[in-house]
Amino acid sequence: MAALLARLGALAHRRRWTVVLVWLAVLVAGGAGAATLAGETTTSFSIPGQESTVALDRISEEFGATDSGASAQVVVRAPDGTTLTDPAQAAALQQLVTELGTLPGVASASNPLDPASPTVNPDLTTGYSTVTYDAAPGEVTPAEQDALRDAVADARGSGLTVEVAGQALESAPEVGGVGEIAGVVVAVLVLALTYGSLVVAGMNLLTAAVGVGIGVLGITIATGFLELSSTTSILAAMLGLAVGIDYALFIINRYRQELRRGTDVPSAIATAVGTAGSAVVTAGLTVVIALVGLFVAGIPFLTQMGVAAGATIVVAVLVALTLVPAVLSLLGRRVLPRKQRDLPPAADLDDAAPTTGLFARWAAGVTRNRVVALLAAVVALGVVAVPVASMRTTLIQAPPAGSTQEQAQQLLADGFGAGINGPITVLFEGPDAATAAATATPGIQGLDDVVTVTPPVPNADGDAALLTVVPGSGPTSAATEQLVEDLRAQLADLDGGVRASVTGQTAVSVDVAASLNGALPVYLALVVGLALVLLVLVFRSLLVPLVGVLGFLLTIGASLGATVAVFQWGWLGDLVNLEGTGPLISLTPILVIGILFGLAMDYQVFLVSRMHEAHAHGQPPVAAIRSGFRSAAPVVFAAALIMFSVFAGFVPAGDATIKSIGFALAVGVLFDAFVVRMVLVPAALALLGEWAWWLPRWLSWLPELDVEGAALQRPRSDDGRELVGSSR
């Protein structure tokens, strides 16, 4: 693989302007396609075939899809000492409802005091109007949303307390907030310190941005043909930017090392792409397989997110292997600081890396105190992982703190009980379904956490009926989730051929969370198995892969444990601008496992391959660990800081899904790079000694991937330059 990639690097050098122009053309074409073909994204998640999803479809068929448009609940509360039926308040309420009905895009607005279907609490102090739009959920325009907010604000002048919530106010999360920009700024600073050059740092960031831009624009084009989640492009941008910067960093760093050895520019580019590029391909392929492997969960929207993010990673790898060397060819030796351009060449890579300093002392200390270092790393990560035992997940996102949505939900909870924000719908189907529903009502009413059961509502044919069950707890509480299970158990065996199905937002959330949690062990086994196979091929060893995989499992435990402690328990919540505690978003665990797996293998391959390279060249085990560490650790250190900065930038202002995923990835990168790869792995390999590189004879048939670039070792010319990949 190294020889093939070296030839690709040499080609990128020879055709540098062609490569640059082709990538720019692809970027421009993507922008044009996105501008003309983009469609709408969705903010809802469901799983085809689940009881709750099937029941929703059946309700549309049996009762008609008259309420398929997006809706909002405008919640009103009368001033203290009055009720909504008092003449002054009733008049103000009627005026509000009339105005709501005339807003742009609104199909209808109900009156809470309508005798046919009142929506007021028993003491008549709180009620809500359901505002239904012509547009589907996620398609209400910003102008229509602003008009709704303005109407609500105007109504407050009458003395009523008025707030609004609902899917009509939902909008797709956007990239480019203050947090994301701050993350990129930190990444640029880290790159500038690493390279000693703002020009090279800017070039690194620019090439990564090209890859992310093409990937996100491609996803935007796909929305014109597929229904994609609004989170898909955010996830792809977050991951693509992080790995794009890192992959370019790996290749640029190796190119600079080759220049310090006295290698000419064409050969340095070929060698950098052949060696560091091999690690990039291996790491990128690992991330892609892990993301595409999300299909094992059997959840279409998750598969789409994985494939879209994986495609962005493929673009990032291609950019690193072609555009980066092309730009390096244009810069030549200017990627080195001025004071290094005229230094005498170093004899080898070890001489190109400092033998003193922080990383050299770190490697010496870890390998010298290997037992203590190994135990300390394992215990520390194990302690941080403890909160995982209490992890809970949900699909229901809490609204931003202080927003009108949050205040509306609080008004509803105060007036009707917390369960009004997450009612459960039961669909009865069969002969005389309404009678069956009425017969089942007393049993439902007797279940724990049930506050209200509405009378059955039959369809026109009488073979279907709906009940609404209002819990006493909120939609994300454990009691409400248990009520969903209790309802299904209670209604499992009805007489007369009637079938009952439990659905609604809360039931959908329970079903999706159960499916994702059930898929976690299978997916974890898949990625662990993949890691073992990949690392055995890369290092031709059994124990190095085992150490790497065990370290990855500790990383996952610590990352999710820290996320539970912050987002579910509320520890240090102010540091991440946490707006309220509660279960993690259901997507978080499985996505974090997939993404961190790829990043962990990235660091493992890049760091340990340099140790393996030194050992293959004859150094004793501990000396090889120290040599490889001081050569690769500075780059891994910088790469991890960049990853952390990019992921952390999505936390402060992100929506609930992106916030928790960004935090888990940010702390996961810190744990994996600085504890697992820089403490646990070198300590464990030092303990193993020569056994670390042992491969049974019966596995000697395995192909040699040559990540270290042994095939690129060539005789040197008289001036010390390697004759590799030379070209005009």
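Keep in mind that glycine also has a Cβ here, set from the backbone N, Cα and C atoms.
The domain 'SSD' annotation in TrEMBL covers 181-330.
Marked as transmembrane segment by TrEMBL: 181-198 (among others).
Residues 23-24, 26-27, 30-31, 33-34, 37-41, 175, 184, 187-188, 191, 232-233, 236-237, 240-241, 244-245, 247-248, 304, 308, 311-312, 315-316, 318-320, 323-324, 327 of the same chain lie 6 or more positions beyond the ends of the transmembrane segment (205-226) yet place their CB under 8 Å from a CB of it. Sequence annotations record features per position, and here TrEMBL assigns transmembrane segment to 205-226 (among others).
Per TrEMBL, transmembrane segment is recorded for 232-252 (among others).
Taken from TrEMBL, the feature transmembrane segment covers 273-301 (among others).
Per TrEMBL, the feature transmembrane segment maps to 307-331 (among others).
According to TrEMBL, the feature transmembrane segment maps to 371-390 (among others).
Feature annotation from TrEMBL assigns transmembrane segment to 520-539 (among others).
Annotated transmembrane segment per TrEMBL: 546-572 (among others), in sequence order.
Below 8 angstroms of C-beta separation, residues 45, 231, 235, 239, 242-243, 246, 250, 276, 279, 282-284, 286-288, 290-291, 293-294, 297, 302, 305-306, 309, 313, 391-395, 397, 509, 512-513, 516-517, 519-520, 523-524, 527, 530-531, 534-535, 538-539, 544, 548, 551-552, 555-556, 559-560, 563-564, 567-568, 628-629, 632-633, 635-636, 639-640, 643, 656-657, 660-661, 664-665, 668-669, 672-673, 676-678, 681, 685, 707 of the same chain, each at least six residues beyond the ends of the transmembrane segment (584-608), sit close to that stretch. Taken from TrEMBL, the feature transmembrane segment applies to 584-608 (among others).
The transmembrane segment feature in TrEMBL is assigned to 629-651 (among others).
What TrEMBL records for 663-688 (among others) is transmembrane segment.
Within the chain, the transmembrane segment (546-572) has long-range Cβ neighbours (under 8 A, six or more residues past its boundaries) at 377-378, 381-382, 384-388, 390-392, 524, 528, 531-532, 535, 578, 581-584, 588-589, 592-593, 596-597, 600-601, 604, 608, 659-660, 663-665, 667-668, 671-672, 675-677, 680-681, 684-685, 688, 692. Per-residue pLDDT, averaged across the domain 'SSD' (181-330), gives 88. The stretches the transmembrane segment (520-539) and the transmembrane segment (273-301) are in mutual contact, each linked to the other by at least three Cβ pairs under 8 Å (pairs 6 or more apart in sequence).
The domain 'SSD' (181-330): residue composition by secondary structure is 134 helix, 1 strand, 15 coil, according to DSSP. By the count of Cβ pairs under 8 Å, the stretch nearest in packing to the transmembrane segment (307-331) among 232-252, 371-390, 663-688 is 232-252. Within its own chain, the transmembrane segment (371-390) has Cβ neighbours under 8 Å at 365, 554-555, 557-558, 560-562, 564-565, 568-569, 671, 675-676, 679-680, 682-684, 687, counting only residues six or more beyond its boundaries.
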